[in-house]
Structures are given as C-alpha cells and as structure tokens.
C-alpha cells in the first residue's frame, strides 16, 4: 500500500436539515426531517439528531417516522438552497486542492497529497476545511483523513457529528485490527451473514483467511475483501466524474424463489432509491432500470428509456427480467439513468428536475487520537 497519499473525505452532517436549521435557528432543538408527505407514501431524505433520537433515519417511510415521533417537523425540502450551499462548499474544497471528487451534494473526496499549505499537515488541512465551511456556509462538516479513500470515508463517520478523525499510515494496521468487517465497503447484510458463518467478525479475522479461500467463497469480491482488510485501496480521487445513474440494490441472505417474492421487495427498494435521488439534488432523469442476479450468478439488466420510472415501470421490467431465466433471485436492484451534462446543455434544461421528471413527482405518483508523523498531525476530534 502506498503511504505517501493523503486523502480527505468531507461529509456534511444531516445536510438538508442543517441548511434548514441554519436558515431557521428555531428548528435546531426540535425533531426535524426532510422528506415526502406520508399520504403520498413519501420517504425521509435526512433528519437532524433530535429526530434520530426517536429512531428516525433516511429512507424510512414518512408515515413510520411520524408514528415514531408524532410532533416531527416535516419539510418538503428546497433543493435550490441545498444546491447553492453545495456549490459554496465545493468552492472551499477547491481552494485547498483542485483534486476534488464530489460524491453527492454533501460529500466529497479530496487528494491533498501535494498540498504544501499548513506544512503539509492533513490534520490542519482538515481543521481549516471544517472551520471555513462553518464560517462561510454555516454548515458543520465531519472530515476523515487517511492514506486511502475507503479508510478516509470510514474515518469521517467515526466521530459524527462535527468530527475529525485522522488515520496516519503508521496507525492503519492498529486501526484495521479491530475494525468490524461490516464497515468495509461492499459488505452488506448478506455478505456479513456469510462472513459470520466463517467466524469472521473483524479485519484481523479476515486477514487470517487465505486469498484462495476468499475467492472460493466470494468470487471476485474475495480479492477486494483480502485487500481492504490490509488497507489496500489504490483508487484515485477522480476529478470530472459525471454520475450516469443512481440505484439501490440488495443481495438476499436467502434466494427469492418466486416473482411474487421479488415484487414484494420493490417497494422498500424504491424508497431507498428515492432517498438517494434526493441526496443528489433530484437531477433530471432519463429513464429507469432493473437489475437481477440469479442464483447461477447470471446478471440481467433491463432499461426503460424515457418512461416514467414509476413502481408500475419497475414491476414490468422485473417481470421481463424474471422471464429470461425463471430461477431463484440472489440480488435485486432498481435505478434511474440520468440526463448527461451535454444533453442538459444542448436541450437547455434547468439544473433542477422538471415537474414531470423529478424524483419527487414520479415516486409520489408511483406510491412508492495519538501523536503521528509531522506531515499528518495528531488525531483529533471536532466534537
């Protein structure tokens, strides 16, 4: 693993709710959520920490959130304001380095390996970033610093909200030793269950498994597990990354045996998808798709270009995909294709979704610390 890289992952704390609380301080101490109406079978996009104390979280159906907290303040969201705050944050990131990879409106990777400001200290860069975002935009940001992207992302979530965690190269092995495997990118409930069956709970456990066994048990993902458990992640921070789609998928612990069982999973998947689309600022949509992986590991993806990505559309696509194999289903996913930046410019489309194509519209219609080397600084928290 290369130890010369210094990667920051900046992640805003409950971003949409944070913008609302910034603009209306009276909302800071009350349970607050941004999301769709309960009667429209909407879902929660994000919520503040007082709301989380009631068990509310993103992608939760609004109706359930209101049952958990009847006095919840629910707002529909103002994506123009969220996008403007996001643009201001991105400008601050780019003052530190031009190597910035936005992941959504509220998070980004920054490669600060060659930055000479702050004597090259990743910790002081992160502190500056947090302070400037709060001073100029009024938003708290949690930042993780590490030699790799996946560790930086884990670090940013380590001491939320308003946290700062640094994992220096000399600390990687100790950090990973007790890290639960469920923290590894790509390890969902189904993979976690299989790892548990192999008595693998931490990265230390995972490091003891030969790569041949991991490849046998998990296929190509076995190599990824082998590498992540050792802190290996050579992915670069990519500038000019254009997202082409947004999706939500689930790998089942037990294969689904029938089309009826598959159909029953679409509602929850669509709720997760809606929350993800909202996090990306409800961009213009070009169509919908369904992805199905069968028990023999064959993969089928079906698109419906230009069609309204409604629950009915997903039902239809699922039926067609099922008909291709008629076998038990291991993985099911739903997603939307996005209008490209070039197409938006050519067609003079606004940055926000048009009324007939926005995620909110189609979904409602469908119902559905320690001393470290000088160039890294000390591990610290912004709490």
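Placement of Cβ uses the backbone N, Cα and C atoms for every residue, glycine included.
Bear in mind that the values here come from a model prediction, so they are computed numbers and not experimental data.
Look at TrEMBL and you will find 107 tagged as active site. The 10 Å shell around the Cβ of residue 107 (active site) contains 20 further Cβ atoms across the protein chains shown.
Residues or ranges marked as Mg(2+) binding site in TrEMBL: 11, 106. Residue 11 (Mg(2+) binding site) is surrounded by 22 other CB atoms, counting those within 10 A of its CB over all protein chains shown.
For 7-188, the entry in TrEMBL reads domain 'UmuC'.
In the three-state DSSP scheme, residue 16 (site 'Substrate discrimination') falls into the helix class. For residue 16 (site 'Substrate discrimination'), other Cβ atoms within 10 Å of its Cβ number 29. Positions annotated as site 'Substrate discrimination' by TrEMBL: 16.
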Cβ neighbour count within 10 Å of residue 106 (Mg(2+) binding site):
25
Integer average pLDDT (0 to 100) for the domain 'UmuC' (7-188):
94
